[in-house]
Amino acid sequence: MTTQTGLPLFVLGRSADPHSEKGVDCPGELPPASDPGLVERARKAKAALGDRLFVLGHHYQRDEVIQFADVTGDSFKLARQAAARPEAEFIVFCGVHFMAESADILTSGDQKVILPDLAAGCSMADMATFDQVEECWEALEDAGLAEQVIPVTYMNSSADIKAFCGRNGGAVCTSSNARRALDWAFERGGKVLFLPDQHLGRNTAVLEMGMSLDDCVVWNPHRPNGGLTPEELERARMILWRGHCSVHGRFTAESVDDVRSRVPGVNVLVHPECRHEVVLKADHVGSTEHIIKTLESAPAGSSWAVGTELNLVKRLAQTFPDKEISFLDRTVCYCSTMNRIDLPHLVWALESLVIGEVVNQITVDEDTTHWAKVALDRMLALP
Ligand code: 13P
Ligand code: SF4
């Protein structure tokens, strides 16, 4: 099985060298993580590149990397920021593959988007392949339903899935604007095919838009006809793709009960990629930007259990020491692919640029770019 980047899933361990796995020679030495000069080297390389360089960092990145980001943000903010920097020749994206693809789609042809480690994919994005989605669409056409279906894909999907949505009258959404994107979609059709995160789709439809669980069905790409009967498809308003985040999907309703029993008065704050039963039990739900803003404005002395990626939760606990901030479930770990981007890879990418070598450039072909941009622009134009 391969990931969106075409790499076998088993290379995700930190010790694997993604370049040799791909059969591509690493054009230069990857500095050892133990090199005490790495911070200084990154600073020097950044200074040498000056305004030619723009570094974007997703909130789930390691501290050692995020310190070099010119802008930090959630997927939505970073997509906007990438589009707003036409003067930067190089955009180094400290995040995962689908984010770098989106940045390439939204930037001009002269700008180069670089992902410091090509093995930084996303298991959720890998759960919806183009062929599977095409097969699903053909089944909807055969059932005479495709005309009423608007495809909406979460940002966490490959460029060709975004392009599929653009071509078929649909849009992209992020966790910050899923509700608005679904309102937009239901103004245009009676049903939505929501890709690839079933949890974000279900949580938005049921908790924000007042639909019932019966309005939602789950399309399983590994079963004939998605494992659904024609009647189930006919009745459904939300056709949810059977995909999930392998980090957020691990928080459980029991972890919410457990923290409530241990910490009286605790506020539970989770990301909408969490399972429906977890979100139902939480006090607040929102994207990573929303989580940060909620904690920023929380009163001193308040207690919070946060269900999102661990790098961010640790950083928030350090940033707001006047609040008691803990991780919702101690058995859930970091996003291993976000963590692929470490200081050695960042230094390697930046120093390569300084000597005129563009490494790990992410490029999306012209036709895919065109249609994916249609879907992304529909999202960016949402009120
Ligand atoms: P946001 O950045 O949109 O909140 O998404 C979280 C996530 O899982 C990114 O991979
Ligand atoms: Fe993908 Fe989840 Fe990691 Fe985000 S946190 S990159 S959705 S696996």
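Glycine is treated like the rest: Cβ placed from N, Cα and C.
Those TrEMBL annotations? Automatic predictions, nothing curated.
What TrEMBL lists as iminosuccinate binding site is His58, Ser75, Tyr154, Met155, Asn156, Ser175, His271, Pro272, Glu273, Thr288. Taken from TrEMBL, the feature [4Fe-4S] cluster binding site applies to Cys122, Cys245, Cys335.
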### Query
Could you state the CA-to-CA distance between Cys122 ([4Fe-4S] cluster binding site) and His271 (iminosuccinate binding site) to the nearest Å?
16
### Message
Between Cys245 ([4Fe-4S] cluster binding site) and His271 (iminosuccinate binding site), how many Å separate their Cα atoms?
### Response
11
### Rounded distance in angstrom between the Cα atoms of Cys335 ([4Fe-4S] cluster binding site) and His271 (iminosuccinate binding site)
14
### Message
Validating a neighbour-count step here. Other CB atoms within 10 A of the CB of His58 (iminosuccinate binding site): how many?
### Response
27
### Task
Name, in the order they occur in the sequence, the residues of the same chain whose CB lies under 8 A from the CB of Tyr154 (iminosuccinate binding site) and which sit 6 or more residues away.
Met124, Val172, Cys173, Thr174, Ser175, Ala178, Phe194, Leu195, Pro196, Asp197, Leu200, Gly201
### Task
In three-state terms from DSSP, label His58 (iminosuccinate binding site) for me.
strand
### Message
Pairwise over His58, Ser75, Tyr154, Met155, Asn156, Ser175, His271, Pro272, Glu273, Thr288, annotated as binding iminosuccinate, what's the top Cα to Cα distance to the nearest Å?
### Response
17
### Query
Which of the binding-site residues Cys122, Tyr154, Cys245, His271, Cys335 have a Cβ less than 6 Å from any atom of ligand 2?
Cys122, Cys245, Cys335
### Query
How many other Cβ atoms are found within 10 Å of the Cβ atom of His271 (iminosuccinate binding site), counting all protein chains shown?
29
